[in-house]
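Structure record follows, encoded as C-alpha cells.
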Amino acid sequence: MYHRHLLVEQTDPELFAAIEAENARQEQHIELIASENYASPAVMWAQGTQLTNKYAEGYPGKRYYGGCEHVDVAEQLAIDRVKKLFGAEAANVQPHCGASANEAVFLAFLKPGDTIMGMSLAEGGHLTHGMSLNMSGKWFNAVSYGLDADEVIDYEAMEKKAHATRPRLIIAGASAYSLHIDFARFAQVAKDVGAIFMVDMAHYAGLIAAGLYPNPVPHADVVTSTTHKSLRGPRGGIILMRAAHEKAIHSAIFPGLQGGPLMHVIAAKAVAFQEALQPGFRLYQEQVLKNAKVLAQTLAARGLRIVSGGTQSHMMLVDLRAKGITGKEAEAVLGAAHMTINKNAIPNDPEKPMVTSGVRIGTPAMTTRGFKEEQARSTAELIADLLDKPRDAANIAAVRAKVDALTARFPVYG
C-alpha cells in the first residue's frame, strides 16, 4: 500500500533537489523561449493523477482493455473541447507530442518516396517538415519553399514549385516565422495540384484559439499542434481533421504509431482546453501580442534588426550581427543574466546551425507571469543593455540584479 503523504522529497532527495532547483530557475528567470510557457496548477494536478495507471488502447467506447469507463469520459471531454475551441469537425487527442502528430499524418496519407513540400528549416520551418536528418526527409522526397527579399513567405515561388513538383502533401506552419500565414492561399495551391493540405499550428495555436491569428481549420485537410507553447497545456500533441479523414488519422495513431495513450496527459489536455475556452484566455493572448509588439519595437530602437520587419504573433527573430555577437554567445550571456532564450538561425545565416546569427524571442511565458507593456519594454531594454557589453562581467551582474528584482515582483506560482 502507498501512503499519499510519501512524496519525492522523502523517497528521492537527489531528484527532489533538481526539481526544486528548476522551480527556482523558472521563478527567477525571465522565460523568453517562444515554445515554452507555464502550465496552470490545475493542468499539472490532472497530469499527476491516478489516470497515469490506466492502459486504454483504442478510443472512447472502443477499447482493448476493461475498466476504461472513467478515462473514456476524460478523453471525450478533451475531444469535445478541442473541437469547440478550433471549430474542427473531428479530433484526435492521443499524440504524445507534435512530432508524433505530424508522423501520423504522414502515415495516414503517404507512402515512402512520396513528395512532400514544407517551409525550409533554414528560413523558419520545422525539422519535421522535411529536414534531411529527420524521418520526414529520410522517408520522403522533401522539397521546400522559403521567403522573399522582404523575409515574407514567397507565395508565388511556393505555388510555382508546387506545380512543378506535384507534392502529395503540402505543409504550412513554422517554428520561427513571426508574421501571419495565408492558409487560404496554401489551400488553393494544394487543391490545384491535388495535394493533401496539412497545417502545423503548434506555435500559433493559442492565438488561433483566441481568434487573434488566422485559423487554418476551415482551409486544411488536417491540422496538427502541440498542446503546450501558447496553449499553456501539458506537453503533448493533437490532430484536427475533416470528418472524412477521421478514420485514417485514428488508425495512424493507433495502432499505427502508438499503443496505450497517456490518459493522465489527455486529462490535462482537457483541463487546458477548458481554460482556453474561458473569456480570460483571449485577454491573455491579446496581452501576448501587445508585449511582443513592444518588445520588438524597443529592440529595433536599440539597433537590433527584427527579421521580417516585425511581428504579428507571439514571437520574433532578432538579427544580432550589428552587435558583433553570435546567437550561441548571446544565449549564454543572457542566461547568465537570468534571461532564458534560444539561439536561432536567421534567413541566409552565414553561421553554423549550432552557432547562428540570431535569437528567437517569445512573449507567452512572460505574459503568463503577469508582464504587461511596461515590463516587456523593460525586458527589451535589459536585453539590449546586455548585448551592448556582452563580455563585461560587471554589466552582466548589473543586468542580472535588475532581472531578479523584476521577476520577484511577478511570481509565476503565487
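One is the number of the first residue shown, and numbering goes on along the chain from there.
Keep in mind that glycine also has a Cβ here, set from the backbone N, Cα and C atoms.
Secondary structure at GLY125 ((6S)-5,6,7,8-tetrahydrofolate binding site), as computed by DSSP, is coil. Here Swiss-Prot flags LEU121, GLY125, HIS126, LEU127 as (6S)-5,6,7,8-tetrahydrofolate binding site.
Classification of LYS229 (N6-(pyridoxal phosphate)lysine) by DSSP places it within a helix. Cβ neighbour count for LYS229 (N6-(pyridoxal phosphate)lysine) (all protein chains, 10 Å cutoff from its Cβ): 26. Per Swiss-Prot, the feature N6-(pyridoxal phosphate)lysine maps to LYS229; the stated evidence is sequence analysis.
In sequence order, SER35, GLU36, ASN37, ALA39, PRO234, ARG235, GLY236 are the residues of the chain that are 6 or more apart from HIS228 (site 'Plays an important role in substrate specificity') and have a CB within less than 8 Å of its CB. Positions annotated as site 'Plays an important role in substrate specificity' by Swiss-Prot, on the basis of sequence analysis: HIS228.
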Among LEU121, LEU127, the one of these binding-site residues whose Cβ has the fewest neighbouring Cβ atoms within 10 Å: LEU127
Nearest-integer angstrom distance between the alpha carbons (Cα) of LEU127 ((6S)-5,6,7,8-tetrahydrofolate binding site) and LYS229 (N6-(pyridoxal phosphate)lysine): 17
Cβ-Cβ neighbours of GLY125 ((6S)-5,6,7,8-tetrahydrofolate binding site) (radius 10 Å): 24
Neighbourhood of HIS126 ((6S)-5,6,7,8-tetrahydrofolate binding site), C-beta criterion under 8 angstroms, separation at least six: GLY118, MET119, GLY173, ALA174, SER175, ASP200, ALA202
Listed in sequence order, residues not in LEU121, GLY125, HIS126, LEU127 with Cβ within 8 Å of the centre of the (6S)-5,6,7,8-tetrahydrofolate site Cβ atoms: GLY118, MET119, SER120, GLY124, THR128, HIS129, GLY130, MET131, ASN134, ALA174, SER175
